[in-house]
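Everything below concerns the one structure shown next.
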Ligand SMILES: Cc1cc2nc3c(=O)[nH]c(=O)nc-3n(C[C@H](O)[C@H](O)[C@H](O)COP(=O)(O)OP(=O)(O)OC[C@H]3O[C@@H](n4cnc5c(N)ncnc54)[C@H](O)[C@@H]3O)c2cc1C
Ligand SMILES: NC(=O)c1ccc[n+]([C@@H]2O[C@H](COP(=O)([O-])OP(=O)(O)OC[C@H]3O[C@@H](n4cnc5c(N)ncnc54)[C@H](O)[C@@H]3O)[C@@H](O)[C@H]2O)c1
C-alpha cells in the first residue's frame, strides 16, 4: 500500500492541474489514469475538434477579403487537415504528457481506479494487479464525462459515432447525419461540411439552446449556406443500420440516409464504476460540490471538472482545479481558507461568468447570463443589441462582415451581466467581456476602456453609445 497527501482520480486536463497545484503547494500527489494522460480534451474533444475546424475557418477568412479572395482558389486539402489534427493528438499517444507529469513531481498509476473506502482508492492495472493507495488529506474525483446515447430505438445496434469517432476519424464519410443541435453537433456539422461530406443535422429543438436565440438562428442559417440540411424541431424516432449505411426515421414520418450517424446529445457522468457506493454515494450520478469543490457531506472528497456538472468546459474545469488544489493545500497545512465569493479557494465564476466559444462559422462567443437567464434570476435588465458589421474595424477585417452583439445590463447596479458576440473571429473579443462581467465594471467606467481604432473591439463603444451614458 502506498500513501500520498492527495489522490487524483483521472488525469484529464482537470486532474493534471489539481495534482500540479497541490505539488506546487508542497504536498505529494498521485494521478490515476486508465486511458490516456491528458483526457478527453486532448485526444477526442477540444484539441482535435478545433484542429478539424481551423483550416476551413482560415480558408473562408481569406476568401472573404478582396485581394486575398483572388489568390485563394483551391479547396480544402482534407488529408492534410486530418494529418495536422493527428499532430495535435500526438497520434493518440500520451508520452509527452507523461513526461510533463513526471517532470512536475507528480506520481502516476496506470489502471482503473475505484474508491474502496474513506481516503482510499484501489487501482486495477490492465494485467489485473491491484494496488491500494491511501490519501493523508484528500481524494479528488476528476473522471470527466462520456457521450450520452439516448434511448432511440435501434441506436445501440446501429454502431453510431459519438464525439470520439467524429474527432478521430481517419477518413471522411460521403454523408453524415448528426443528431443533436448542441455545441458538438454544430461544430462537427461545420467541420464535416467543410470536408465535402453531405451533412444533415437533426435537432429536436433549435440550435445551441441556452445561448441567446439569435446565436442558434444565425448558425442555422450559415450552416444551410454551407450546404448542410438543418432540420429543426424534429424528433429522431429510430436508427437502423443496413448495408448502405444508416437510415434515421424522423418524427414527421420522413427519413434521412447517411453513411454514418453522429449522436451528439450531451454527456453523462463517468461515475458508474468508481466505487462511489463504498463511501455512501450513488454510482452513475454527477457529484454535487460546494464552491470549494468539496463533495457535499464529506470533508476529504472533492470533485472537479465535468464530473461535478457545473460547467462542462476545459477552461472552467482547470479554474476549478486551481481552486481545489489550493484549498486542499491550505486545509492540509492549516493556512486560512478564503472561501467567500471570488476568494482564492472558490470557483465563483462557475455560477454567472462562464465564457464559451462555439467554433462554428460564424463563431458564437459568450459569457455570463443571457437575457432570458438574467430575467429568470430576477434581475431588472436592459438588453442592448448592435450589428457588428457596422463597426469600421469589422468592415476592414472582412468584406460584408455580418455579426451581432448583445450586452445584458443589470439596471440596478449598471454593470454587465452577460455578453454574446456572433460573427467571424469574435473569440478574440471574449476576454474583455469576461473581465467586464467578472469585475462587475460599472458602465460609466467602461466608457474609459477605449477600443483601438479600427478594430472589431469598437463594438464596445457602439454598445455603450446605444445604451446611453449613465
Ligand atoms: C467534441 C468535444 C469538443 C469539446 N471542445 C471543447 C472546447 O473547445 N473547449 C472547452 O473548454 N471544452 C470543450 N469540450 C469539453 C471538454 O472536453 C471537457 O470539459 C473536459 O475534457 C473535461 O475535463 P476533465 O478533466 O473533467 O475530464 P476528461 O477530459 O474526460 O478526463 C477525465 C480522465 O479521467 C480518466 N478516468 C475516468 N475514470 C477513471 C477511472 N475510474 N480510473 C482511472 N482513470 C479514469 C479518463 O480516462 C480521462 O483521462 C469539448 C467536449 C467535446 C466532447
Ligand atoms: N467549443 C466548446 O466549448 C465545446 C465544444 C464541444 C463540446 N463542448 C462541451 O461538451 C458538452 C457536450 O456537448 P453536446 O453538444 O453533446 O451537448 P449539449 O448539451 O450542448 O447539446 C445536446 C443536444 O442534444 C439534444 N438532445 C438531447 N437528448 C436528445 C434526444 N434524446 N434526442 C434528440 N436530441 C437530444 C439537446 O436538445 C441538445 O440540442 C457541452 O456541455 C459543451 O459545453 C464545448
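Cβ coordinates come from backbone N, Cα and C, glycine included.
Taken from TrEMBL as is:
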- 50, 113, 143, 144, 145, 306: FAD binding site (BINDING)
- 180, 181, 182, 183, 184, 185, 186, 187, 266: NAD(+) binding site (BINDING)
- 41-46: disulfide bond (DISULFID)
- 4-315: domain 'FAD/NAD(P)-binding' (DOMAIN)
- 354-460: domain 'Pyridine nucleotide-disulphide oxidoreductase dimerisation' (DOMAIN)
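TrEMBL feature annotations superimposed on the structure.
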| residue | record | Cβ neighbours (10 Å) |
| --- | --- | --- |
| 41 | disulfide bond | 22 |
| 50 | FAD binding site | 17 |
| 113 | FAD binding site | 28 |
| 144 | FAD binding site | 25 |
| 145 | FAD binding site | 20 |
| 180 | NAD(+) binding site | 25 |
| 182 | NAD(+) binding site | 20 |
| 184 | NAD(+) binding site | 24 |
| 186 | NAD(+) binding site | 30 |
| 266 | NAD(+) binding site | 15 |
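Checking the recorded positions 41, 46, 113, 145 for a CB within less than 6 Å of any atom of ligand 2 leaves no residue at all.
For the FAD site, whose binding residues are given in the record as 50, 113, 143, 144, 145, 306, the maximum C-alpha distance rounds to 30 Å.
Compute the center of the Cβ atoms of 180, 181, 182, 183, 184, 185, 186, 187, 266, which mark the site for NAD(+); besides them, the chain residues with Cβ within 8 Å of that center are 178, 188, 207, 208, 264, 265. With DSSP states grouped into helix (H, G, I), strand (E, B) and coil, the domain 'Pyridine nucleotide-disulphide oxidoreductase dimerisation' (354-460) comes out at 37 helix, 33 strand, 37 coil. Cβ neighbours within 10 Å of residue 143 (FAD binding site), excluding its own Cβ and spanning all shown chains: 29. With a cut-off of 6 Å between Cβ and the nearest atom of ligand 1, the recorded positions 46, 184, 186 reduce to 46, 184. Residue 306 (FAD binding site) carries a helical DSSP state (H, G or I). The recorded positions examined here are 46, 306; by Cβ neighbour count within 10 Å, the least packed of them is 46. The secondary structure of residue 145 (FAD binding site), as reduced to three states from DSSP, is extended strand. Taking only the Cα positions, the spacing between residue 182 (NAD(+) binding site) and residue 46 (disulfide bond) is 15 angstrom. Mean pLDDT, taken over the domain 'Pyridine nucleotide-disulphide oxidoreductase dimerisation' (354-460), works out to 98 on the 0 to 100 scale. Largest Cα-to-Cα span within the NAD(+)-binding set 180, 181, 182, 183, 184, 185, 186, 187, 266: 13 Å. When the Cα atoms are compared, residue 144 (FAD binding site) and residue 186 (NAD(+) binding site) turn out to be 22 Å apart. Ranked by CA distance from residue 266 (NAD(+) binding site), the recorded positions 41, 46, 143, 145, 306 have 145 at the top as the closest. The separation of residue 306 (FAD binding site) from residue 41 (disulfide bond), Cα to Cα, is 11 Å. In the three-state DSSP assignment, the secondary structure recorded for residue 113 (FAD binding site) is strand.
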